[in-house]
């Protein structure tokens, strides 16, 4: 992906907010080990920053805490929506919600305030699973090797997605997928991607 925002779809003249999952995924679907990424790819971190800056991001508490430990707070130049049942004291630029529906509403409000049409879902595994059925796109860093880990990206039916961009690198690829049909939540159906 060239760092450009994925295109949004229009309905009745209003831009619809799109949810796009962003993840670095090993060949065996591993995305984490002991609360951290089991690899260090500076190019992936730069790609993540280029992709998500200026947009709302949805994540779980553990993902937020991992980011906050490294950065000293929420991701800069993004509005973080944390999906958690815990009562957290969060700095400006981050808010906690207790349900997927509340996360969707908060992210849509933030996208409207920021003037963007795309919300990025950035982990962890449970949050990816909760949003996969409503995702319009996937922005993945696909590692060419398997890694040991305790956290995996959810299984997804590649037949429901079309690869729209690929940038092969040494040992990994940046790959963008678009859903072939509207996401289940957009159709009003309760279908999943399994």
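From the backbone N, Cα and C atoms, a Cβ is placed for every residue, glycine too.
Checking the ranges 151-172, 173-194 against Swiss-Prot, the region 'Disordered' annotation falls on 173-194. Across the residues annotated as binding substrate (44, 69, 78, 141), the widest Cα-Cα separation comes to 23 Å. Neighbour counts of Cβ atoms within 10 Å were taken for the binding-site residues 63, 126, 141; the minimum is at 126. Residue 123 (NADP(+) binding site) sits 14 Å from residue 141 (substrate binding site), taking the C-alpha atoms as the reference points. Set side by side, the binding-site residues 32, 35 differ in how many other CB atoms lie within 10 angstroms of their CB, and the most is found at 32. Residue 78 (substrate binding site) and residue 63 (NADP(+) binding site) have their C-alpha atoms 15 Å apart, to the nearest angstrom. In terms of C-alpha distance, the listed binding-site residues 44, 69, 141 place 141 closest to residue 24 (NADP(+) binding site).
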